Amino acid sequence: MYSAVRTNDYDYPESEMDERESLYFDTISLAESEAAAAAAAHRKSISQSRNTIYHSAVDLAGDEGGGGSGGGRLRLGGGAAAEHAALAWQPGYRQSTALEHLNGGGGGGGDHTDAAIAAQMIALQNGRNHLPTGIGVTGDGGQGGGDDETYRRFDDGKRSVDFVLAYNGETQLEEHRRKCEIFEANLQREGLQLEHNKVQRVHFIKIHAPAEVLYRYAEILKIKVPLKPIPGQDQIFAESAHEFKTCFSRMCKSLFSSVQLNTALFPEREPRIHLEFSRNYLELYDTEHPNFLDASTRYSIINFILQRQRFVEGEETADNLGIEKLVQDGVYTCAYTLHDKDDRDRLLKEWANISKWKNLQPLDQIKDYFGAKVALYFAWLGFYTQMLIPISVFGVLCFLYGFITWNSDPISRDICDDNGTIMCPQCDRSCDYWRLNETCTSSKFNYLIDNNMTVVFAFSMAIWAVVYLEFWKRYSAGLVHRWGLTGFTHHVEHPRPQYLARISRTKKLAGKAYEQDHTGKRTILDPDVPFWSFKFLPNFTSYSIMVLFICISVIAIAGIIIYRMAQRASHSILGSENSMTFKVMILPMTAGIIDLIVISLLDMVYSNLAVKLTNYEYCRTQTEYDESLTIKNYVFQFVNYYSSLFYIAFLKGKFVGYPAKYNRVLGFRQEECNPGGCLMELCMQLVIIMAGKQAVNAIVEMLIPYLMRTFKELSYRHGWYKSHQDQRLVPYNQFTEDYNLLPAENNSLYVEYLEMVVQFGFITLFSLAFPLAPLLALLNNVIEVRLDAIKMLRFLRRPVGMRARDIGVWHSIMTVVTRIAVASSAMIIAFSTNLIPKIVYAASMGDPELNNYLNFTLAVFNTKDFQVQPLLGGSQHVNETVCRYTEFRNSPEDPHPYKRPMIYWKILTGRLAFIVIYQNIITMLQGILRWAVPDVSGRLLKRIKRENFLLREHIIEYEKQHAMKLVQTELNGQQKSEGELRQRNNETVIRNRDEATSFV
C-alpha cells in the first residue's frame, strides 16, 4: 500500500515546482482548453489543481482497492513504483517525459509516475470506475507495461484496434467535421466498427473489422489463405522435405547452428496448401493458422476500404473519396495501423538488433508483421548480403596476390631503380620537370589493382552477378509459394483512387468515368485511357525533365573536371603543384569530395521532383506508379553517381595530345592520368563515392530521425513549443504511442532499394579497380539489414501490408546493369590497364620478361618544340633538352615526328579485339547460366503441380458431398411434405366421416 504522500492537499509551495512540472497540464491537453489556458496562466492554481486532481485519482484508485494507510491508496505495481511516486513530490525531482516512457525510461530505468497520473486523470475524464493499466500502472493482478485489456483494443476489451484515424479535436472546422461524419458513416455502412477517443487534444477514431467484412473483401481481393490438412498433402510435404534434407544440407546446418533462428521464439511453420478465399468454402480453411488473414492482411483490407469511401454528399466523384485525400486536405492528421507490442518486442530482440548481425532473419514473422512486400525486401537484402561473401573472399585473395607479388612487377621495379629519366612538366607555366622515380610508391600501389588477377576478378564478377540474380529468382519462388502468393499477378490490383480522380477531372474522359442507372445511382468505371491522346504528354514532360536533370548532372561533373584542370594550371592552395602528394592524393580526393556533395544535392532535389512528376502521369495501379517512379529515379541516379567514374575510366588521359600540341578545353590542358595511372584514381574515386554515399544514407536514415526526436523531446522538456497545437500527447496506449512516430509512406522501400541497387552497380561496373569493394559492400549490408529493421520498428509507424510476388522492376534494372557491366569491364581492362600493351610488347619485341617495357611506353620530346615554354626560374632542369611523356608516338628525329607509330595501331587493334572477344565469351556464359538455372526449381514446380491436382480433387469431393447433402435435404423435405400431406388427407377423411355420422 502507498501512503507516503503529502498530507496537506494545498501545502505544495510554488517554489518547489520546476519548469517541467509547471508545464504538466499543458502536455496533457485536457478537453477543456479554456481551463487548461487558465491553469497555464496562473502557476499557483496549477500547483493546487495538481495536488487536488492527484489525490482525487488516488482516492478513486483506493475506492477500488479498499483500505490503506494515510488515505493514499494508489497501487503502482509494487514497492519500487510506490517509491518513485513518493519521490515525485520531493523538491528537485525530475519528471520523466512521454518519450522516456515510450522508450523504457531514461537514466536508470525511468519512473512511471507522470504516466500513471496521466492515466488516472484520463480515467477520471472518461468516468470510469477503474484505472487503465497502461504504462507502469497495474490493476488487480495486472502486469503493467501495456498489458491492459484496452491497451490496443476497444473499451470493451474484446475487439482489437485494426486501424486508427486521428484529427485535431480542438481546431476542427465545421466543413471538416461534416466530411468526417459522412466518411465515418460510410465506413460503418461497410460493416466496420468505430469507437471515438476524445481524451487529449488529438482525437482518435479506433476501427475494427469484423470477420464478416474481412471475409467479404478477402474474396473480392482474391487473397489466398491456408487450408486445413487434406488427405495426401503429408506425402507431398514429406517427399519435398526429404529431397531438401541431403547430407550436405544437414552438414551445413550443423556447421552453422550458431546463425539459426531461436525456434522457441520463431517456431517453424507447418507447410499448408493455399486457396483463394471464398465464403462458399469457409469450412475448408484453417482459421487457426497464423497465415489465415494475419494482421498485415487485415490492415490491407481496411486500407482498401478507407481508400474508396466518399466524404461528400450529393454528386459523388472520384475526387471526393479516399482517406489520402482527407489527410491531404487536413481533415484528418493521419491514418495508420498499430504496432503489436509483443511481436515488436520479440522482433526488436531477435532481429532488429546489431548484436544479432550473424543470425538468419525470421522472414515468416516479418511477412506476418509487415506484409509480403516488406518481407521480400528483407529477404532480398539478406540473400544479396550472403551472396557477397564468396566474391568478397575472392576479392581479398586477389588483393593479397598483389601484395605477395609486390616486388615482382617489372614496371614498378624499373621506375624505382631509374635515376636518369626526366619527365615533361604536367602544366604549361608553373610546373617543373620531374624524375620518373618520384612515382615509385604510386606505381607499386597501382600494381595492387593492375596485375595478372585483374582479368580473373573481372571475369568472376561477371559470372557472380548472373548467378546471384538467377539463384535469387529460385529462392524467392520458394518464399512466395510458402506464403501463398504463387500465381499472384498485379492484374488483380484495383485502380488507384488518385488515378480515378484524375480521370474524373479530365473533360474528355469524365463522361466515360461514370455510369448512371435508372434509379439515378452513379457507378465509377475504369475507362481505357488512350496513350497518344492523354498519356503521351505527361510521360513526355516527365521524362524530358528527367533528361534536363541528367544534363545538369553532366554539367556539374564537367564543372568539377574543369576545376581540376584549373588546379593543374595554377599553384594549388593545398600544396606544392610539383609534389607527388598533391598529384596523387590531394587533388583526386578533393575533387571526389566535391563530386560527392554535388551528387547528394542533386539526388535530394530530383527525388522530390520525381514524385510530383509521377503524380502527373496516368498510373492506373500502385505497381505501375512505383515502377514509373523507380525507372525515372534510377536512370537519373545512374548518370548522377556513375558519370564521374565513367569519365575517369574511359575519357581521362585518352585524348590529351602531346607536349607540342595539347588538346585544350576552355584554354586548359586536358587532364592526364596521375603518375600512379588512371586505374588508381578510379579506385580512389570509387572508394570516396561508395563509402561516402553509404555514410550519407546512414545519417539520413538513422541520425536525422534520432536528432529530430531528441530535439522534440528537449522542446517539450524546456517549453520551447510556440502554440498549444505543438504540445505532445501522453502515450498511455498503443495508438497514442504510434501517433508520435514518423509516418510510413507507400514508397518508403524505394529509398532502401535504390541504395542497394546503386551499390550493386558500383561493385559490378567498377570493382575491378578495387577488389575490396565487395567486402565494403558486405560489411555495410550486414549492418544495413539491422538498421533498416530498427528504423521500421522504432521510428516509423507500422506500414500497411501489401502483397507482392517479387521485388518488381528492381530485378530488371539489376539485369540491365549486369549486361552493361560486361562491356564496362572489357573497356576498363582494354584502355585503363597495361594488359593489352604488355601482350603486344611481349609478342612484338620478343621480351616475355618485360625488361624494357617501361622505356617502350615512354615517348621522347624535344623541349624546344614546346608551345608554351615553362617558367623554370632557378630550377635545376633549365638546360634539359629532352623529356619523356607517357604516349605511343614517334621521336623528334623520325621523318614523321610525333605521329602515331605502327605499334600504336597494333595495340589499339588488340584492345578492340579484346573487348569483342571478352564480351562475347562472357555473354555466352551468362546465357548458358540463365538457361541452366530455371526461375523455379524442378522440385518446387513438381510440388506445385501435385498440390494443384490434390486441391482440385479435394474441392471436387467437397462439392460432391455438398451436393449430396443438398439432395438429401431436399429428399427429406419432400418426404416430410408428403407425410404431412397424407396426414392432412387422413384427418380430412376422418373429419368428414364424423360429420356424416353426426348428421345421420
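Here the Cβ of each residue, glycine as well, is placed from N, Cα and C on the backbone.
Database features (TrEMBL):
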{"type": "DOMAIN", "residues": "154-363", "note": "domain 'Anoctamin dimerisation'"}
{"type": "DOMAIN", "residues": "366-947", "note": "domain 'Anoctamin transmembrane'"}
{"type": "TRANSMEM", "residues": "377-404", "note": "transmembrane segment"}
{"type": "TRANSMEM", "residues": "453-472", "note": "transmembrane segment"}
{"type": "TRANSMEM", "residues": "540-563", "note": "transmembrane segment"}
{"type": "TRANSMEM", "residues": "584-606", "note": "transmembrane segment"}
{"type": "TRANSMEM", "residues": "634-651", "note": "transmembrane segment"}
{"type": "TRANSMEM", "residues": "686-708", "note": "transmembrane segment"}
{"type": "TRANSMEM", "residues": "760-787", "note": "transmembrane segment"}
{"type": "TRANSMEM", "residues": "808-831", "note": "transmembrane segment"}
{"type": "TRANSMEM", "residues": "912-933", "note": "transmembrane segment"}
Sequence-remote partners of the transmembrane segment (912-933) [C-beta within less than 8 Å, at least six residues beyond its ends]: 459, 462-463, 466-467, 470-471, 474, 818-819, 822-823, 825-827, 829-830, 835-836
Same-chain residue ranges lying at least 6 outside the transmembrane segment (760-787) that approach it to Cβ under 8 Å: 351-354, 356-358, 361, 378, 381-382, 384-385, 388-389, 391-392, 395-396, 398-399, 449, 453-454, 457-458, 461-462, 465, 638, 641-642, 645, 649, 679, 682-683, 686-687, 689-691, 694, 698, 701-702, 814, 817-818, 820-821, 824-825, 828-829, 832
Outside the transmembrane segment (634-651), six or more residues from its ends: residues with CB under 8 Å to it: 546, 549-550, 553-554, 557, 560-561, 592, 595, 599, 602-603, 606, 610, 678, 681-682, 685-686, 689, 693, 754, 757-758, 761-762, 765-766, 769, 813, 824, 827-828, 831-832
Model confidence over the domain 'Anoctamin dimerisation' (154-363), averaged pLDDT: 85
